[in-house]
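Colleague: The active site, proton donor annotation in TrEMBL covers Y84. Per TrEMBL, the feature substrate binding site maps to H147. Annotated compositional bias 'Low complexity' per TrEMBL: 242-255, in sequence order. Sequence annotations record features per position, and here TrEMBL assigns region 'Disordered' to 236-261. Marked as signal peptide by TrEMBL: 1-17. The site 'Lowers pKa of active site Tyr' feature in TrEMBL is assigned to K113.
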Amino acid sequence: MYITNSLLTLFPHLICALTLPQQHPIAPSSNTLSISSQIQPLSLSQPLIGFGTWNLNISPENTTETVAYAIEIGYRQIDCAAAYQNEVDVGRGIKEGLKRAGLKREDIWITSKLWNDHHGDYENVEKGLNQTLKDLGLDYLDLYLMHWPIGFAPDGTKNLDHVQTYKSLISLPKSRVRNIGVSNFSPLQLKNVVSTGTIPYTHQMELHPYLQQSAWVATHKALGIKMTAYSPLGNTNPTYHSSSSSSSPSSSSSSKDQKETIPPLLQNEILNEIAQSRNCTPAQVALKWNIGRGISVIPKSSHKQWIEENLQAENCELTHSDLTKLRFVGRKWLRRFNDPGEDWGVRLFEGLEGV
């Protein structure tokens, strides 16, 4: 298991947890840290399979129809964000989907994310929330995440005080935000927000067979923090196509200077062999691999067949041998696809794999 020095330094009490096998969830320990839990949802917990809306900008009508169809056929989690610039259309899809499925708002889990331009004090954070609720046409969110630990000030400077923003999230009325969480945090940044006394309900991060982050996953399980995997199908996301030509050759190095061809995840030979032997699709194998680790997945598609197939991923049964092969995939083709740090002039994911 790949364990960075930063994890051992920042969370020394979790060393034993980090040495456990990745497919055996670690029960949160009440003796690990003296911290309070984030408020729990009234009657609904975060589903293990959700529908993602990043890059779902087909057309306003098609975006609305796609989200409505996802809810109609059984998705009970919709993942949104202000940065996706489609929350109005997604909100219409949620309304239509609930109508078709005969559901009430409280029957589904809705997540959205605070964008970087609304970091800082409570007033600024509340403005971000208000706009998202207005765009989605909702009265409340089940989960509101800090999208990145970096804020953008109006004058172009970067606000690196993610703790101040997190405290503002904590102060939001529970009638409008049931749970709060973070996304794309490093070990030090996570420790900083945990130290406030209110642990995040969820940490959303890039997780797929090319970026397995097993020790980081174990850390969250030991802390009692749920995880959501974005881009669970790896470089299938068209945003990553320009960066799919290189990978780090092993788990001990992620240097972008050491390049080799990396196959699209769903075309990976090992993944396809497993899929064929289990009568599953490659996408279902990748999704079930994360689900088996207790991680929620939020795949996105505008194709009805793939939307339906992804929802059935829980039915794909993987053996111990399959999991061993998938661990090899992560060692050979270790790759992080989403890292805007260079464009933003900041260092992200410090102490983690793939940087």
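Glycine residues also receive a Cβ, built from the backbone N, Cα and C atoms like all the rest.
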Colleague: What same-chain residues, at least 6 away in sequence, bring their CB to under 8 Å of the CB of H147 (substrate binding site)?
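Modeller: Within the chain, H147 (substrate binding site) has Cβ neighbours under 8 Å at A81, A82, A83, K113, L114, W115, N116, S183, N184.
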Colleague: Are there residues of the same chain, six or more positions away from the residue listed as 'active site, proton donor', whose CB falls under 8 angstroms from its CB, and which are they?
Modeller: T53, W54, N55, L56, N57, V90
Colleague: What's the number of neighbouring CB atoms sitting within 10 A of the CB on K113 (site 'Lowers pKa of active site Tyr')?
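Modeller: There are 25 such Cβ atoms around K113 (site 'Lowers pKa of active site Tyr').
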